Amino acid sequence: MNNSPTLSNTRNRKNNNNNSNSNSNSNNNNNNNNNNNNNSNNNNNNNNNVNRNVNNRNNNNNNIINVNNNVSSTTMNMAKDFMNWNDGIIEREDTQLQQQKDRCFKILKKSTIACIVLLFISCTIIYSMTQYPSVSGGDAGELIVVAHQFGVAHPPGYPLFTFLGYIFSHIIPSNTLSVAWKISFMSSMIGSIASIFIYLTVYLWVNNHWCGLLSAYMFTFSPLIWMYQIQGEVFSMNNMFVAMLMFLGVWYTRVRIFENERYNTAFWTSERIAYLSAFSCAIGLTNQHTLVLIVIPFAFWLMFISGRDQLWNIKILSNLVFYTLIGLSPYLLLFITPKLNRVKYSWGNTSTLRGFIKHFLREEYGTLQLYGGDGGVISLFTKISIYIENLIIQFGYIGLALSLIGLLNLLLGYNIRTFKWKSFGTMIIFSFLFYITFFFNLCNLPIDKPLYRGVFLRFFMQPNVIISITMGLGIKSIFGFLNRIQRDGGTAATTTTTISKIQKYLLPIIIILLVGNQIGFNYNLQDQSDNYSFYDYGHSVLDGLPRNTLLLVGGDLVTNVPMYLHLCEKVRPDIDILSMEIMSWEWFKITQSPLFQRVKFPGNVYHPYIPDGYSLKDFLDANINDRPIYIGGDFKSGDSSFQNDYYTISKGLTSQIIPKKDSHKFNTFKIIKTTFSTFPSFHIPNNTEKYPNDSWEHFMMEEMAVSLERAAETLLKEYLSQQNTESFKALELSVEILEKALTYVNDKCWSLKHLGICFDHLRYRVVQNVNNNNQQAQNKASNYSKQLLYFWKKYINQCTHEENTDQDWETIKKVIQLI
């Protein structure tokens, strides 16, 4: 806005000259000087200059002061520029803008309060009706454990979430509701507050409740948002802070505009809104660091564009710094918590300055990395394509079209035509593009793998806040455009009537239909109220363990879910659960190992290749004679030291670690046969539409299948080379186990291949050990051949990605051709 006057506070520019222009003649309409008469004869004047009356605070006689018409007109244009109102589509009549001016300092009118209450109650009720009844997958188990115990979460700590989670998990007086449900309910309520901020943003922007409700509901009940806001995760609060910053930007802009036209007697001046914005930016960063990608463009716009003439003085800057530090204060909990409340499964040694900085900067993962391993090389274009495809899933074609119209209106409207790049709409577009380009370039997740693709998708929620806001702007743009067409083509009377009817009936009907479709289409897909699968999975891991077992775990699912049941719901208090991931950090010896009195740690850290480190073999040697040791999930990669002295026998979802010198004491076939007969049986979420391959439910089913594959692998290693009755039974048992594995995941390549191997060996043994004239044996061998052919054909057709790594690939193809 190169031609717009500099914004300044009305306190400094108020006119105290009560005699200026008060006696001007009423016939000066055509006079080129800038003094205009406030005489009542000007009511019929057709010129477009608008008289502004400013109340003089020092005038006890309430004398009216006339403001210069040119200044008034320029201020009006400036207002439209800042809010993208001057683009010819989202257009306001002067009288409408005057009404907004009169009400700008009073956001919470009765109608607004009614919409806020409606949003909060409806969203919270629907969310609570569809929540997980207990623990869910991913990081939720760990975050709930840490929040309930008031510990420190994985880097960067999430102190705001854990603090509020601790309050919610203890303040709700109910023994029937699980700890996980209580913290998930907190997320649901916070998600409802995010919806309120989205509504207020759009409402303050276009002055239409229905447009605000459309944006709020479409966002709240989009599949991705719904999924993560009904479980104990940090994303719900992060969405709330993104929406809050959008709201504060619009609010600050409006108050600044109208402070130039009259003295603001309300509490919330633009200066105080700036302080609130600083506090909100800071406290939002104590929940999740990805908010910084929204904070950076927002803070730049606030300090260097919209408030550059107001906020750059020592007093205000000092206050902004003060409120920023207050907002960051929850990070003090990372210092205090380890000293006052040492609990199991709490991360880091944050009680020291070095430990705090290391945790805050996520140095253990890589400060600017989401993934600690070697991520896949995926182009930015591919990632953006995935995002656009996902937008269609989230909002449908109509919702995406409305968002596109809203974005184009901001991008190609008055801003570009007159280079008004300083508007709030421009800031929103820049924030969206900044997040998309910066984060997608930063993301090093191997998204070619389904589970990590799901992790990648959850970071779409922040830009989706902006997309939902532009949806409300888009539908308002359409109706504004239709209004202009009718205004240009009809008489004044008919136009007014038509516009009124459109606004009053058609807009609400369309919005109700869109919102109803969004909720109705996604409700069943997001309803997790009966999903006890993770709860049952955790019990299946823990319930079969012998008394006083030491359970080593590796992997998020097999760690977080059993840990939640053990520490929050006090399941199996006799056992100890140790995460091999946490054992490998240097701080474990200081903060965690003292809490495990019955466990011996033969060094400072679980790392076989550093001084004072120890290997898994050293750890097992120190503890194997004291208690049973089981492993759940995977061993730590890079440490094979134990393999010469220990082996494992699969027992359900875990495996017992046994010294090889004691192997004669165990009959592998009988043990696996017994445990397979009692293999966990619970409701499996096998609805592929509801639980696609990037969901934690699908990953859990894969873990179930892998546990069965481990049992079959143990049998095959021991019995495949043997030629006796027990080995034949072991092969038959392996077939049963692998066929069950395929009921969980029907395209498990390892199972398909080794089923063929089992049938090949069974066929060979039948043919070799019985008389060829035995028809029953021949039929049995023929059946084995058919089964071999079926599974190996399926393996070749479905597992083409194994061709370059499987040395048996060509052999299997030749066998298929021969049979």
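Cβ atoms here come from the backbone N, Cα and C positions, even for glycine.
Look at Swiss-Prot and you will find 1-10 tagged as compositional bias 'Polar residues'.
Taken from Swiss-Prot, the feature compositional bias 'Low complexity' applies to 15-68.
Look at Swiss-Prot and you will find ASN18 (among others) tagged as N-linked glycosylation site.
Summarising the annotation, Swiss-Prot assigns N-linked glycosylation site to ASN38 (among others).
Marked as N-linked glycosylation site by Swiss-Prot on the basis of sequence analysis: ASN70 (among others).
According to Swiss-Prot, the N-linked glycosylation site annotation covers ASN349 (among others), on the basis of sequence analysis. Around ASN349 (N-linked glycosylation site), a 10 Å sphere centred on its CB holds 21 further CB atoms from the protein chains shown.
Taking a C-beta cut-off of under 8 angstroms and a sequence separation of 6 or more, ASN531 (N-linked glycosylation site) has the following same-chain neighbours: TYR132, PRO133, SER136, PRO685, GLU697. Annotation comment: Swiss-Prot describes ASN531 (among others) as N-linked glycosylation site.
A coil conformation is recorded for ASN686 (N-linked glycosylation site) in the three-state DSSP classification, outside any helix or strand. ASN686 (N-linked glycosylation site) counts 15 other C-beta atoms within 10 Å of its own C-beta, drawing on all protein chains shown. Per Swiss-Prot, the feature N-linked glycosylation site maps to ASN686 (among others).
Sequence-distant neighbours of ASN693 (N-linked glycosylation site) (same chain, 6+ residues apart, CB-CB distance under 8 A): PRO450. Swiss-Prot lists ASN693 (among others) with the feature N-linked glycosylation site.
Classification of ASN783 (N-linked glycosylation site) by DSSP places it within a helix. All protein chains shown were included, and the count of other CB atoms within 10 Å of the CB of ASN783 (N-linked glycosylation site) stands at 14. Positions annotated as N-linked glycosylation site by Swiss-Prot: ASN783 (among others).
Residues or ranges marked as region 'Disordered' by Swiss-Prot: 1-68.
Taken from Swiss-Prot, the feature transmembrane segment applies to 113-133 (among others). Long-range contacts of the transmembrane segment (113-133) within its own chain (CB-CB distance under 8 A, at least 6 residues past either end) are made by residues 178, 180-181, 184-185, 188-189, 191-193, 195-196, 199-200, 203, 209, 212-213, 216-217, 220-221, 226, 229-231, 519, 523, 526-532, 534-535.
Cβ atoms under 8 Å from those of the transmembrane segment (152-172) belong to residues 139, 142-144, 146, 179, 182-183, 185-186, 232, 234, 237, 283, 286-289, 330-331, 333-334, 337-338, 346-348, 350, 359-365 of the same chain, restricted to positions at least 6 beyond its ends. The transmembrane segment annotation in Swiss-Prot covers 152-172 (among others) and rests on sequence analysis.
Marked as transmembrane segment by Swiss-Prot on the basis of sequence analysis: 185-205 (among others). Beyond the transmembrane segment (185-205), the same-chain residues lying 6 or more positions past its ends with a Cβ under 8 Å from any Cβ of the stretch are 83, 107, 112, 115-116, 119-120, 123-124, 127-128, 131, 164-165, 168, 172, 211-217, 219-220, 225, 228-233, 236-237, 239-240, 242-244, 246-247, 249-251, 254, 465, 468-469, 472-473.
Same-chain neighbours of the transmembrane segment (210-230): 115, 118-119, 123, 126-127, 130-132, 184, 187-188, 190-192, 194-196, 198-203, 236, 239, 390, 393-395, 399, 457-458, 460-461, 464-465, 468-469, 471-473, 475-476, 507-508, 511, 514-515, 518-519, 522, 525-526, 528, counting only residues six or more beyond its ends whose CB sits under 8 Å from a CB of the stretch. Taken from Swiss-Prot, the feature transmembrane segment covers 210-230 (among others), and the record attributes it to sequence analysis.
Among the features that Swiss-Prot reports, transmembrane segment is placed at 232-252 (among others), with the record citing sequence analysis. Distant neighbours of the transmembrane segment (232-252): 83, 107, 135-136, 138-140, 143-144, 147, 158, 160-161, 164-165, 180, 183-184, 186-188, 190-191, 193-195, 197-198, 200-201, 204-205, 225, 268, 270, 273-274, 276-277, 280-281, 283-284, 287-288, 290-291, 294-295, 298, 301-302, 306-307, 424, 427-428, 458, 461-462, 465-466, 469; these residues of the same chain sit at least 6 beyond its ends, with a Cβ under 8 Å from one of its Cβ atoms.
Count of Cβ pairs under 8 Å against the transmembrane segment (285-305): among 316-336, 391-411, 427-447, 459-479, 505-525, the largest is for 427-447. Sequence-distant neighbours of the transmembrane segment (459-479) (same chain, 6+ residues past either end, Cβ-Cβ under 8 Å): 89-90, 194, 198, 201-202, 205-206, 208, 211-212, 214-216, 218-219, 222, 224-225, 228, 235, 238-239, 242-243, 246, 290-291, 293-294, 387, 390-391, 394-395, 399, 401-407, 409-410, 428, 431-432, 435-436, 439, 443, 502-503, 507, 510-511. Taking the Cα atom of each, ASN349 (N-linked glycosylation site) and ASN686 (N-linked glycosylation site) are about 41 angstrom apart.
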